[in-house]
Amino acid sequence: MSFKCIFLTGGVVSSLGKGLTAASLALLLERQSLKVSMLKLDPYLNVDPGTMNPYEHGEVYVTNDGIETDLDLGHYHRFSSVKLSKYSTATSGQIYARVIKKEREGVYLGSTVQVIPHITNEIIEVILECARENQPDVLIVEIGGTVGDIESLPFLEAIRQFRYEHAENCFSIHMTYVPYLKAAGEVKTKPTQHSVQSLRSIGIIPDAILCRSESSLSPDVKKKISLFCNVPNNAVFNVVDIEHSIYEMPLMLSQENISTFITEKLGLFTKQEDLSDWKTLVERLRNPSLDKVRIGLVGKYVQHKDAYKSVFEALTHAALSLNSSVEILPLDSEDPHFLETLEQCDGCLVPGGFGSRGWEGKITAAKLCRERGIPYFGICLGMQVLVVEYARNVLRLEKANSTEMDAETPDPVICMMDGQASLVATGGTMRLGAYPCLISPGTKVHEAYGESEVMERHRHRYEVNFDYVQQFKDFGLNVVGTCPQQGLCEIVEIENHPWMIGVQFHPEFLSKLIAPHPLFVGFIQAAILYSRNKSYVQA
């Protein structure tokens, strides 16, 4: 085997931060001059999260090749330079579908198809496919869920077999939670012990245990975990709950020397990672500038921040790059009083979404921003909100709407894309992935990008109806970005407004701490200017 493989499992509780841990490890290993690839294995039976409720699963992250994935892949992107694609994710639903397809094609020659060996072999094949496609020095494989879940068992068995065949090239990290009981005044290691016992009963002996806790574990506690979990004392690592920013995680792991421990065990003798630039950025996040802007994020899933995870992070990246900080106020567009809060904000962002719930509230938000000169950034559905509001209140097309919200509207300024109406399946059938966009010169968007052609990622079925484009232009709303392949409207911009822009794509998927997205930077710049001078009056 030409690559090394790091397996990351979790125990005790869910939401431990395995995705952040995997992403942070990728950063540390890359800073040691290693080429890293990543794979997320999710035990749920959905083929992908594309049709899952955001309240249940969080946002859907889209790759360049149009794969709808778990939000953890967003962490992978933001922390590292790993290339993400269809080879970077697999679910139980996909694995079972592949096996059933092979059975129907006669690949198994009449054998009884079983979880072992057929499902486990397919999981191993997914791991090898990822390695073959990317040719990494190190492949990090994160297994979703918690040890003990029934759904996880085939994945853990596959890992056991893989480690048995390639023991010298594999490293297993088990992440657990060590709770602090206030009444007893001490931390409890028993949940970690039981979790490791469950993992060992499957046949996987972890090479390291990563313990998450509220505060630092004492050497005695680490020694106890080492003794009862049968791992060396120097293989017990600790990360505490993050105080300020998720971007502190790589620094915590670096302080624990976990990446050095891993590379030495795998025989990868590399240089010490250099995180000086990362430390500088994190220090600025810990000590934010006094120049702060308030951004109202108007949506319908605002009670669950993970539903807009990439948007939150992209705003943070942009503000940091401008030596500013951002306070994000989630505003429910169904709340009858949300406009009172939005009026006090320095900018408004309406993110992507689907369905009519909260639609009219978003339109009132766009109207407020247009009339008051508040910077407005509409993403996907947020762009469609901008267009419909403008049609109703500037073009005086009072019943203008999107056909998604009103199929009988007399003025369908937003309509379904050609070819979408005939589709029966909903999963994986939208316009997905990266497409080129040509940007008009002399526009705010061109000024932000500094170039005339960009690639951006999409996830939508509806588009601006080109039958209305000239009318919009006559009244000051311009299409300033188009797809050269399909002639679709990708970006709109309003004249005589400080910053009111809508994009059909999802720029948040490309933003990183070390490389903020230019449109988010432009938006925050406009919000800073607005916060300093709120005397704008619409012409």
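Glycine too: its Cβ is placed from the backbone N, Cα and C atoms.
What you are looking at is a predicted structure, and each value in this text was computed from that prediction instead of being measured.
According to Swiss-Prot, ASP149, ILE150, GLU151, LYS188, THR189, LYS190, PRO191, THR192, GLN193, LYS224 bind CTP; the candidate from SER2, SER14, SER15 that the record adds to this site is SER14. Just one of ASP70, ASP72, ASP137 is listed by Swiss-Prot for the same ATP site as SER15, LEU16, GLY17, LYS18, GLY19, LEU20, and that one is ASP72. Cα-Cα distance from GLN384 (L-glutamine binding site) to GLY19 (ATP binding site): 32 Å (rounded to the nearest whole number).
Across the residues the record lists as binding CTP (SER14, ASP149, ILE150, GLU151, LYS188, THR189, LYS190, PRO191, THR192, GLN193, LYS224), the two Cα atoms farthest apart are 30 Å from each other. Largest Cα-to-Cα span within the L-glutamine-binding set TYR55, GLY353, LEU381, GLY382, MET383, GLN384, GLU404, ARG461: 23 Å. Between the alpha carbons (Cα) of PRO191 (UTP binding site) and GLY17 (ATP binding site) lies a span of roughly 17 Å. Sorted by the number of other CB atoms within 10 A, the recorded positions ASP72, GLU142, GLU404, GLU508 start with GLU404, the lowest.
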